[in-house]
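According to TrEMBL, the protein carries these features:
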type    : residues : note
BINDING : 40       : ATP binding site
DOMAIN  : 11-263   : domain 'Protein kinase'
DOMAIN  : 367-486  : domain 'Cryptic POLO box 1 (CPB1)'
DOMAIN  : 487-592  : domain 'Cryptic POLO box 2 (CPB2)'
DOMAIN  : 661-744  : domain 'POLO box'
């Protein structure tokens, strides 16, 4: 450093190379050494007005100690009354952003650039330094096409005591990681995400989450998906996917990046810079940067997203020495602790809003935290459930995303409108909230309202969700827990029953082969098993010897399923093992061996629930109603009731004596669907193999259908004008085919099918079901 002059008078200043918020970069020459350099001149008055003095000190403190082929050299630094001067290595070909000018690279050329950036980041991470603003505007090219990481204005060192506790929102929007965008705790792997965005941009020609605005870009980063063109090689696609993993704990390490097959495939190009020189087409390397009015607008938008208006007013004071003391601490072991600011840091090579660097102050650490763990929708099937004033969904795309729609009834139009939407990522860590139609709401449909094109209103993480939104998250968490309690993780076929351990690992269900009876264990009931074999048995009756055997068998099967789950969980780190089905249902001959256990119990069910072909069911969960408002809400359509406190009139499930009063006229098993029964009063009952059931009511019973997701779930009654979810609609569409199998050939006084006979099928004869409204 002593070789370079510490007096600006010893430098010849030439053209401007770039300009930031309070700094300008010029090409220059050090006359004593006759060497070309770049000088970054930081205006001290503007720096103080924006409260960035400590940030500049940290930038110099970090950068001056770095020495690596992929890091732009900081030769020396000094100051006078007006400026802080940073004497930098000159990169003759300018920024990578300007050099490429929107062109794409071949995979070999991209590997050449990415390998150098990865090595530079590896060096930074070995010193516990996060750059936090890796983008094409901060990567410079030398005359011999070497890549240099520059601009350490947002860099920080991870404190060895506090670890990954940084929560500042900073960086270039198109390269910001999800944990930074949500202002979660983040660490070194945030630069790995930026590396993935860089690789994608070089190969595709645009960033993976590119939009027309900053707010919408951050929304896509947090909750959106990206598509990889099919023409990219398998190696490139795999590396991009591993770098752009939204869960930072699962994101690929840099040492694994460098050893990836993508780089070994192009090793000859990586070690030959002459190949990259063919890109040089005479592009003007040095040019003045554009104006920065867009940057200010971007910051205003970002500020509104996070509801943070704590900008500090400029301080009137004399000009202090900014970096005079830095010479005395260059040999210190660790860098000074980052001083968080609430003013944006600008990049000296900004060209458009996608390239702007931004910084906002961190979330306060003393706010109240959620008292439930992050929800998880892994392996849960898409479903949708409406309650009194909220609709909750598990989405198919993005996979596993949870959506909570808050409803408000409009009496004038007699409809429910979605007033607010809360979307939660499948790991429960990222949350966005927005109001459709600019707060006016939209009519409830069969899908949640899409995110606004200009981005969502609020972006949060699990760590910093404000207390006023806790209730939304708690509703979603409760909903997911109930779905998990009905979703099998381990299915085991024993010699007596089909056993299912649910995703909660505490809910268990055993369905007996010979009697179709069930043994259940629910979360929070310790080791208590509930046996349901015959509805005529008094619940207070002492368990018989056979019931004790069944309970013992259930306990053994439950523990067996738990042990299987523990064992497979240890081996499923790289590839998924669940859900898993073990064994198969014994043949009918083998089932005779188990009759001694169940001989005292007659079959009181109309169908086999258990089958070797039984698919894993998509759960339809009926949750108890709860309200988000203090004022009473109007009655909801369709009517949702608990089976415990509501009885539908004269349905096959309403009384134990029903089948005695209304005998079966005919029944049959429909392959791939379930068991259907026609009763003498015209009622139809269809028990599906997935455990759900539909009862078609007569006009005397009020018409419509009654749906339940399982024999232990609550029931929902749908009338002619009610909306039906897709899971019910799909089963409803099967009814004509099902009823065609119910021709009562053995009954002498009926010669027509249910679809043709008015007396025994008034619902279908009047086309009542054909006119029912569905969610389209």
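The chain as shown is numbered from 1 upward.
Backbone N, Cα and C define each Cβ position, glycine as well.
Any TrEMBL annotation is an automated prediction that lacks curation.
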Helix, strand and coil residue totals from DSSP for the domain 'POLO box' (661-744) stand at 13 helix, 30 strand, 41 coil
In the three-state DSSP scheme, the residue listed as 'ATP binding site' belongs to strand
Around the Cβ of residue 40 (ATP binding site), other Cβ atoms found within 10 Å total 23
Over the domain 'Cryptic POLO box 1 (CPB1)' (367-486) the mean pLDDT stands at 94
